[in-house]
Amino acid sequence: YREGDIRLVGGPHNWEGRVEIFWNGTWGTISDSQWTNEDASVIRRQLQHMLPGYAMPCCDDESGDNSSSQIAPHFGSVICTGKENNITECSYSTQNISAQQDIGVHCQQGNQAREGEIRLVEGDSPWEGRVEIHLSREWGTISDAEYYDSREATVVCRQLGYNFYNARSYCCARFGEGSGQIKSRYISCKGIEHRITNCSYNTHLHQEDHSDDWSVSCDIGDCESGRIRLAGGDTEREGRVEICINGEWGTVCGKLWMKNNTNVVCRYLGFSDTYDCEVV
């Protein structure tokens, strides 16, 4: 986990629960009696929930009450404008925090999704599941999954805000068959697109067999030998090159680093080596 990562725990669904933050090497809660919708919206944005709607504070015995958590609070007195992308960009205190009330968040579902939004459903975790896309004011599945590979899966994970370094594509309704209309098929991506609708695709607006519904699993950042990541950059497209060897992340010496090395890293991470990929 990276410093400042957050998660929702203790709630009945993956879009609501007690907010916990990874800080100084451990998970802890956020304690604040003045938690607002603005603060909650930042949590929603940081988690990149694909569900349409809005976020609001929630505090109950299941997801927000301090008695349900066994860990100490890390943050308190959080003040956000609602425009921040990460809770650590808000004003907060890490000093003299009492375990008054752990804050919770509920990311409201709704039917106000934008055209081209996607979501993963029926998975065992938020970062995997059947791919559904919102087209023509309703959700539907994507078919012909046997023709898709890591390039298409990379775009899905990038659009949803998850790590995409080891995105996997699955055919044959791995996470269950959908229902209703199959919204799209024949998708072809280069792997560098930021939205699935930037890829080549055909709409397919009718009901048929859902046995070939497409599913995707996104990388959650685990350290597996040979995996590469960019760390410490201002965006996902830049940063210090780190590689996982024997279960530990480490850096790569840049003394004899060349442009060809950079191209390999960019290609591995799903970026094109022709798109301003350079040594910094």
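Placement of Cβ uses the backbone N, Cα and C atoms for every residue, glycine included.
Feature annotations, courtesy of TrEMBL:
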type	residues	note
DISULFID	Cys80-Cys90	disulfide bond
DISULFID	Cys157-Cys218	disulfide bond
DISULFID	Cys189-Cys199	disulfide bond
DOMAIN	6-108	domain 'SRCR'
DOMAIN	118-219	domain 'SRCR'
DOMAIN	228-280	domain 'SRCR'
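Contacts of Cys80 (disulfide bond) defined by a Cβ separation under 8 A and a same-chain sequence distance of 6+ are given as Thr36, Glu38, Asp39, Ser41, Val42, Ile87, Glu89, Cys90, Ser91, in order along the sequence.
It is 14 Å from the Cα atom of Cys199 (disulfide bond) to that of Cys157 (disulfide bond). Around the Cβ of Cys157 (disulfide bond), the number of neighbouring Cβ atoms within 10 Å comes to 25. For the domain 'SRCR' (228-280), the model gives a mean pLDDT of 75. Most buried of the disulfide-bonded residues Cys90, Cys189, Cys199, Cys218, judged by other Cβ atoms within 10 Å, is Cys218. When the alpha carbons of Cys157 (disulfide bond) and Cys189 (disulfide bond) are compared, the span between them is 13 angstrom.
The domain 'SRCR' (118-219): residue composition by secondary structure is 17 helix, 44 strand, 41 coil, according to DSSP.
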